[in-house]
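Peer 1: Structure in structure tokens, see below.
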Amino acid sequence: MSKINKLEHIRNIGICAHIDAGKTTTTERILYYTGKSHKIGEVHEGGATMDWMEQEQERGITITSAATTCRWQDKIINIIDTPGHVDFTIEVERSLRVLDGAVAVFDGVAGVEPQSETVWRQADKYNVPRMCFVNKMDRMGADFYRCVEMLKDRLGAKPLVIQLPVGIEENFKGIIDLIKMKAVIWKDEALGAEYFEEDIPADMKDKAEEYRAKLLDMVVELDDHVMEKYLSGEEVTAEEIKRLIRKGTISAVFYPVLCGSAFKNKGVQPLLDAVVDFLPSPIDIGIVKGREVSTGEEKDFLISVTEPFAALAFKIMNDPFVGSLTFIRIYSGKITSGTTVINTVKNKREKIGRMLLMHANNREDVKEASAGDIVALAGLKDTTTGDTLSDIDQQVILERMEFPEPVIELAVEPKSTADQEKMGLALSRLAAEDPSFRVSTDYETGQTVIKGMGELHLEIIIDRMRREFKVEANIGAPQVAYRETITKVCEIDYTHKKQSGGAGQFARVKIIFEPLKEVKDLKDEDKNKIFVFESKIIGGAVPKEYIPGVEKGLNNIRETGVIAVYPMIDFKATLVDGAFHDVDSSVLAFEIAAKAAFREGMPKGNPKLLEPIMQVEVITPDEYMGDIIGDLNSRRGQIQSMDPRGNAQVVTANVPLAEMFGYVNTLRSLSQGRAQFSMIFSHYDQVPSQVADIIKAKK
């Protein structure tokens, strides 16, 4: 593919949704029709191009975000296919951070499902413009209009319907394009490559007119001139409608809704047209937030080829042929192989070696990349997810990503001494790839503990350790990742002194600890953090160079809380005063003082134990509803809602994760295998005192 330098010709998009809504199948069809793939891969056969890890092909689900580049009309589309399973939410999170637009795929039968809501909220957080593709219109029970209502009710979104389905279930044969007011019908035998326009079927004329009027009512509001034209009865042209749909989509006034059946090869080409027509180019996004290293000043940086180089690393991946690959999104400037850049987060220089354009796990070497591109760099030494790579002379740090706290953990130990060293290497490599996966050592037992977002997440980590690194390990039972916090403000004044012979140590710190939810003037960028540190030192009571030691000490010690040695979260520490000695003070002395101040001060803050609460959604036939609700209540669950969906009932409840182990078997026996459930992490909440006593006793 020849390089197009014009930023307006690039679309960086993600395809995301609930598990099984058909994201990967939709992406496969896109690759086929854009000429990237000469054979369509089917997910259920384990042949999908984008699902390239062995585990993905066996399980038929997408675990990591595969990135690929393709071409439609005169535009370059960089696509990231993201997982829909809740345990891999981090993959969605980091993809959305670097994308300019997204296609949210919905199952035409199930509509808006729990993970769809999670992904939608994540996209809201990063202000990603998006459009909706209601898939599986050929399936029994598919209902396009109900899906549109669910977009309003469950997501609070403003859908802009631009297509209607022609036929339903097995009779689904095409769409009505409400912009052109034409029907688009596919020929079955031609793998969807052949389709033709015809007049709207007579029995759908009224519905098409109704939805066309709704479409026009919404778009003309964005342009006074077009509105006047519309109100005076003049025809609004297709070009004007497209321009206003683009304007409204980019500013998130509404979300265009399309439909089709990716599996049956219907509706994919108009979806590609809509990606090009309505989703933003990097120029439409315009700026990226960050700060200048030299001044520390927060500012907006222009997305432009002519600005100094700045890129964000959003994924690390181990490739069996190339080694470690770092995926970057270039926001400004350009880079060539052989250039040296700086990782401004770690203050380490990195030399750019091989630069690759990725097509799932196939690769194409490129010598140059510029603003708007998503490329993979081979052989970077110190760069991890969320780091900024920058021009050495004009250094910037781009806004970082927030990573969720793990909710489940288990102990692993190597089966033999030969596996010991290999296991350490394997786990550190896997942790570098995935920021929601953590590795630590239990300081009491010396065991290695791995932590993640769910049982499937850790199961796949262990599986990869065995397959890719040939490490055999014994696995403990899953444990809940409890946390600790404080519930009231407390203050501690602590002096660390060691001045008896030899080099001395001296540091005094006065720190105020307070619960984050009680901090009145919390900055916006701190609202999603679990620990915030601030220095209010005036007049040099503690020299500037020692203050990072205080923050480092607190950050390290908070990993072992004061109730039952669980990590301490959701608090702010403010350094308000202190003292130093000209000879005996050092960064290390202040680090030690901060740790001791934490140990002494935190018990005064009325510390409490926290547990992860999951949002559980159960879909069940009517007759099992009573038993299922009773069982959820017995698990300390709080029922949030009960809604009919088709001929089933949907129960939503908040339930502690500790009570959900083995739930799949209970649900199976309560409903004779007819109910299904999904759960996603909701929040941390205080553990009831009688339960907390049991947890403390076990520690």
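Every residue, even glycine, has its Cβ placed from backbone N, Cα and C.
Here's the feature list from Swiss-Prot:
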{"type": "DOMAIN", "residues": "8-283", "note": "domain 'tr-type G'"}
{"type": "BINDING", "residues": "17-24, 81-85, 135-138", "note": "GTP binding site"}
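Describe each of these features in terms of where it is and what it packs against.
Peer 2: In the three-state DSSP classification, Met137 (GTP binding site) falls within coil.
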Peer 1: Note down the number of other Cβ atoms within 10 Å of the Cβ of Ala17 (GTP binding site), including every protein chain shown.
Peer 2: 29
Peer 1: So if I draw a 10 Å sphere around the Cβ of Met137 (GTP binding site), how many other Cβ atoms end up inside it?
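Peer 2: The Cβ of Met137 (GTP binding site) has 27 Cβ neighbours within 10 Å.
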Peer 1: Pop the mean pLDDT for the domain 'tr-type G' (8-283) in here, whole number is fine.
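Peer 2: That region's mean pLDDT is 82.
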